[in-house]
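Database features, via TrEMBL:
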type    : residues                                                    : note
BINDING : Arg28, Glu29, Asp33, Arg143, Arg144, Gly145, His146, Thr147 : D-ribulose 5-phosphate binding site
BINDING : Glu29, His146                                               : Mg(2+) 2 binding site
BINDING : Glu29                                                       : Mg(2+) 1 binding site
SITE    : His129                                                      : site 'Essential for catalytic activity'
SITE    : Glu167                                                      : site 'Essential for catalytic activity'
DOMAIN  : 212-374                                                     : domain 'GTP cyclohydrolase II'
Amino acid sequence: MNRFKTISKALDSLKSGKMVVLVDDHDRENEGDLILAAQFVTPEAIAFMLKYTSGIICIPMHKERLDELGIKLMVNESENTSRNKTKFTTSVEARHGVSTGVSAQDRTTTIKALCNPESSARDISQPGHVFPLEYTPLGVIKRRGHTEGAIDLMRAANLNETAIICELMNEDGTMMRGTQINEFAAEHNMEIISIEDIYQYRIYHETIVSKEASATLPTEFGNFKISIFKTEIDDKEHIALTNLKENQSEALVRIHSSCTTGDIFHSLRCDCQKQLEYGLKEIGKNGGVLLYLDQEGRGIGLTSKIKAYLLQEKYNFTTVEANEELGFPVDSREYLIAAQIIKHFGITSVKLLSNNPKKVEGLIRNGVADVERQPVPVFINEHNKAYLETKEKVLGHILK
């Protein structure tokens, strides 16, 4: 498809042994990395990288391959305090065919040993001058890093899933950004792609949800079909209640995050139970899909949500302040699972029952192109006034 023209060109470049530039998200390092398939490494390519980058030559690899070679993480994941949790291993060197290990030729020899399927731990010595990085399973769908982006590109190009990456740097020692990266790529005739490009390519071509079970479910709001979905992302079970006609492509949809305190125990701290009931009534009457996602407490889980409640009681924190005090983002929810379940049912046009514009943005970003927001009534009581005020003023909900 034309929408993936940029990434298609990048894959062609990689398959022909050329480098591409992979740019980061603005809320991470906002950097550009040179990417090369490790199977095409040459001393000339490494020399080029050393000239225009930080010189820290990194090799994204799968954990299984690292284990085969006896290469371990530099620090355990639980002890990794770096900002982006990059999984550096101990540095390595080829055991044979190198001198000091630091020259372009020696690093080439080391990289060839790493990507050679015949190599074993006997062929690698530690430490050295090349830095393997451990890939996070599911790649950019799970972690939006250059490590994951590079391996995802190798897989998409049907190449050996070992890559070479290094951060672009200016002559004055500062990191290349924005227009500097664009000018560099143009000068050297390289394709530029982003982590988001790879993410969009993958979610278009791949399905990460699977329906595990379904049955009819008569309720006081009407007759529904209940379906249970699991995903490759986590071990959670997500629920879809559907009231659809055959081959229906337009539908009323409610995305509801699980709320044990509200939905089951009818807590007055929030408006969740009232919103759930409203969604069931509307979809029971008009048809559609209600997604009940395991995203307790905006994704932080029930235990952490109750801890946040205590902080609100003790220090008069808002829900957002309490989440941040516990070390969580303002909102941990993602909408890829919701989008893929919606697409599973063949729905391409959504009227979304929600006061949260971010849910609309989340569905569109994750492949549901036609989304229109349909407001939900505001259910206010003396206990949830501050909660609703935070939703409106801090989280951007439209409460009219």
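Cβ atoms are placed via backbone N, Cα and C, with glycine included.
Positions of the features from TrEMBL, shown on the structure.
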{"residue": "Asp33", "record": "D-ribulose 5-phosphate binding site", "DSSP (3 states)": "strand"}
{"residue": "His129", "record": "site 'Essential for catalytic activity'", "DSSP (3 states)": "strand"}
{"residue": "Arg143", "record": "D-ribulose 5-phosphate binding site", "DSSP (3 states)": "coil"}
{"residue": "Glu167", "record": "site 'Essential for catalytic activity'", "DSSP (3 states)": "strand"}
Arg144 (D-ribulose 5-phosphate binding site), number of other Cβ atoms within 10 Å: 20
Among the recorded positions Asp33, Glu167, which residue has the fewest other Cβ atoms within 10 Å of its own Cβ? Glu167
How many whole Å apart are the CA atoms of Thr147 (D-ribulose 5-phosphate binding site) and Glu167 (site 'Essential for catalytic activity')? 12
Looking only at Cβ atoms, how many others are within 10 Å of the one on Arg143 (D-ribulose 5-phosphate binding site)? 18
Integer Cα-Cα distance in angstrom, His129 (site 'Essential for catalytic activity') to Gly145 (D-ribulose 5-phosphate binding site): 22
Listed in sequence order, the residues of the same chain lying six or more positions from His146 (D-ribulose 5-phosphate binding site) whose CB sits under 8 Å from its CB are Leu22, Asp24, Glu31, Asp33, Ile35, Pro60, Ile165, Ile195
I'm checking region-level scores; what's the whole-number mean pLDDT for the domain 'GTP cyclohydrolase II' (212-374)? 97
One should report the C-alpha separation between Arg143 (D-ribulose 5-phosphate binding site) and Glu167 (site 'Essential for catalytic activity'), rounded to whole angstrom, as 18
Measuring Cα to Cα, how far is Glu167 (site 'Essential for catalytic activity') from Gly145 (D-ribulose 5-phosphate binding site) in Å? 12
